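Chemist: Reproduced below are the annotations present in TrEMBL:
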DOMAIN    26-478  domain 'Major facilitator superfamily (MFS) profile'
TRANSMEM  19-39  transmembrane segment
TRANSMEM  87-104  transmembrane segment
TRANSMEM  111-130  transmembrane segment
TRANSMEM  136-158  transmembrane segment
TRANSMEM  170-191  transmembrane segment
TRANSMEM  203-222  transmembrane segment
TRANSMEM  284-308  transmembrane segment
TRANSMEM  320-342  transmembrane segment
TRANSMEM  349-373  transmembrane segment
TRANSMEM  385-406  transmembrane segment
TRANSMEM  427-447  transmembrane segment
TRANSMEM  453-474  transmembrane segment
């Protein structure tokens, strides 16, 4: 019977295995691939508030910000060139993710991570020594290529390596690394901005070489996943690797299911075109709408423009950077909550609770800014209580995102795709994410100038829409082996009409040739 509200039952299959120290350490190292993405998100917003950086590369923005204090506060950073500096990375990441799909599938997850680290290192080096705007943009494009490869491979690697009971927590390690990267970047921006001589921004931008080296070295020492090894014909090595990462010798059933999934995937000649088949309609929908909604929460606006935003609403430069540090710390702490609860409470609960929390906070922030700034953007003297209220509710908003749409936006798509479309579907997921990150980053400051405090209501509308979408259309996926995930669509009240039993002879309910097939419970 279809489940009410979109909750799908599990398949009932259980594989033997433990959370071994080997897997835990491996997943922690791999998850550090998120550092490069997080560091960039945090560093770019802070650098664009540093006066020496603006004077050198964006003098018109600096004049608008400093020379005429009577300007509308909503519009002081409205510069398409400045936003292109920030958002060009995401356009490059979009393009890279399409290439990364083939690399990840044919050469393995590790090599894709290695490419990501090397490209990000090159971009950080160019940005640190930039002499002109074109060097900044070239550096940002290389950073974007690195992010595209890393975001394609790391979530897949974690989902495939982790035991299914702990898949959620270990996969969210990627999001935790993103939040740690943001926090580190915010702290460094705060202190580098105090360096005399006005060259601290070079350290901020060049510092991205450190997380780039971490993922580069990590990719060289990490083992490959059994799924990827089977996909590339290394069957015996894959079985030995599966025994080691599960910590038991009885891996026959899981191994047979992995081989069956790989055999099915090899029958697919065109995985990109295959995505358009009717039976993959649920997967394609999630690959597009989850990252779309994730960006339309407005979180990246808060995170990589946090210093700009706080400066715009009346805080001084140092106060703006410190407020960004505070939101970054909240981001990290709330992500730890998600790691604890995702396999305990489930994906849907966190999605819905986080949506309600963000919706309330965006309405309050819009009211606070609207009350003080009005339409003309002139707040006068801001009392301390006002600053406290704005920062408090932005922090509560960030917390809601950090334990819901932040980590789950990467976790859920990476765990629902069958092997035959996994790399292509993950590429769609990353591409949509980067496309709308680019779009939101590019138009945010213009939207702030024209919509004013109504910008927060704009994002609140999408938070409401995505919460409704999750309630009705996203099945629960906790505790379901990754190769058994197709069973959740067959019992869903809506998606079951697209999926027939014959669609997944090797992937959904009865993959194993030995033993009984899973039962719906």
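Cβ atoms are placed via backbone N, Cα and C, with glycine included.
Computed from a predicted structure; not experimentally measured.
I'd like these features described in context: how deep, what's nearby, how far apart.
Modeler: Mean model confidence of the domain 'Major facilitator superfamily (MFS) profile' (26-478) amounts to 82 (pLDDT, 0 to 100 scale).
Beyond its flanks by at least six residues, the transmembrane segment (136-158) meets 27, 30-31, 33-34, 36-37, 40, 57, 84-86, 88-97, 99-101, 103-104, 109-110, 112-113, 115-127, 130, 167, 170-171, 173-174, 205, 208, 212, 215, 222, 225, 410-411, 413-414, 422-423, 426-427, 430, 433-434 of its own chain at Cβ-Cβ distances under 8 Å.
With a cut-off of 8 Å between Cβ atoms, the residues of this chain six or more beyond the transmembrane segment (170-191) that come close are 23-24, 27-28, 30-43, 46-47, 50, 154-155, 158-159, 161-162, 200, 203-204, 207, 211, 303, 306-307, 318, 321-322, 324-325, 327-329, 331-332, 335-336, 338-339, 342, 402, 406-407, 410-411, 414-415.
Residues 26, 29-30, 32-33, 35-36, 39-40, 43, 46-47, 50, 110-111, 113-114, 116-118, 120-121, 123-125, 127-130, 139, 143, 146, 150, 157, 181, 185, 188-189, 192, 195 of the same chain, all 6+ positions outside the transmembrane segment (203-222), place their C-beta atoms under 8 angstroms from a C-beta of that stretch.
If you look at the transmembrane segment (320-342), the same-chain residues 6 or more away from its ends with a CB under 8 A from one of its CBs are 42, 45-46, 49, 168-169, 172-173, 175-176, 179-180, 182-183, 185-187, 189-190, 193, 302-303, 306-311, 349-350, 391, 394-395, 398-404, 406-408, 411, 478.
Through the fold, the transmembrane segment (349-373) approaches residues 73-74, 297-298, 313-314, 338, 341-342, 379-380, 382, 386, 389-390, 393-394, 396-397, 399-401, 403-405, 408, 452-457, 459-460, 463-464, 466-467, 470-471, 474 of its own chain, all at least 6 residues removed from its boundaries and within a Cβ separation under 8 Å.
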Chemist: So if I exclude everything within five residues of the ends of the transmembrane segment (19-39), which remaining residues of that chain have a CB under 8 angstroms from its CBs? That is, six or more out.
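Modeler: Counting only partners 6 or more residues beyond its ends, the transmembrane segment (19-39) has Cβ contacts under 8 Å with 113, 116-117, 120, 143, 146-147, 150-151, 153-154, 157-158, 161-163, 165-166, 170, 173-185, 207-208, 211-212, 214-215, 218, 221-223, 244-247.
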Chemist: Report yes or no: does the transmembrane segment (87-104) come within contact of the transmembrane segment (427-447), defined as 3 or more CB pairs under 8 Å with a sequence separation of 6 or more?
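Modeler: Contact criterion met.
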